[in-house]
Amino acid sequence: AGEGSAPGSGDGAGPPAPERVLFPPTFSVSEIKNKQRRHFMFLRWKQQQRKEKLALKKKRRKEREALGDKAPPKAVPKTIENQRVYDETTVDPNDEEVAFDEATDEFAPYFNRQTVPKILITTSDRPRGRTVRFCEQLATVIPNSHVFYRRGLALKRIIPQCIARDFTDLIVINEDRKIPNGLVLSHLPDGPTAHFRMSSVRLRKEIKRKGKEPTEHVPEVILNNFTTRLGHSIGRMFAALFPHDPQFIGRQVATFHNQRDYIFFRFHRYIFKSEKKVGIQELGPRFTLKLRSLQKGTFDSKFGEYEWIHKRREMDTSRRKFHL
């Protein structure tokens, strides 16, 4: 190459390769005073990090392919979930004490198929449009559920009426500033009662690429990661909302997925694309729950006996400690 020619260029060669961004070892984007320049350099730094990560990933994959069966096992990345602090109340499936408790608890008649779920869904007093629509959509997810409006009635007066009309569960959707923000689930006639904080509510029209309206078939129920005694009780409460025998012809699935004590609810329909491939369509609604308290018996805010209350300052001392 002649003197003054661009590096990498030659006779008949194409345009020179783009210059690679090289940051000094002690470089810090925060030291740049100009805001626009700082943002621009941060984006370039992130892009370089992504390229290096992708190149390393490709190199490792080629090495594994070259080694074949002799390749070392893949390293398991550290996550908050797999670094979880052991909870002594974690349920052992073969524990006789747990089996006895489940055979005699308030949900045993449901699991023994002696009772059929019948759900009353109601709201806080004077609900707004979004809360009303959410209740109506929730009623299409849970079979044999009925929506009624409070009209100023106290919950202590509603519960005896529910028991007299053979309802097995009561769901109350609370709202704040026109947005659903709480859920009370009370198992009738003898409890228990769980109080959840609700967030990330999405109605059907707000979900992208959603499927057609759900049918009246009884859905399957999936409960994930309810591993402790407390989590087991909450999982059984959710299971008792749905009839025991799902209608698989409807291909509808209601999922309660517990992750770091947040319970994510999703409602899907699965579609068989071939003998080996299955696709899913979200039907909605979707929401996230966080348990605030579990109370013995039916709802009683003054004199109720609480089995468990979430005390944030005492319980949330470690990010790797979970209760469900």
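Glycine residues also receive a Cβ, built from the backbone N, Cα and C atoms like all the rest.
Per TrEMBL, the features are as follows:
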type	residues	note
COMPBIAS	1-13	compositional bias 'Gly residues'
COMPBIAS	63-72	compositional bias 'Basic and acidic residues'
DOMAIN	117-300	domain 'Brix'
REGION	1-23	region 'Disordered'
REGION	49-78	region 'Disordered'
Quiz item: What is the number of residues in the region 'Disordered' (49-78) that are helix, strand and coil, as DSSP sees it?
Solution: 22 helix, 0 strand, 8 coil
Quiz item: Which value does the mean pLDDT take for the domain 'Brix' (117-300) in this predicted structure?
Solution: 92
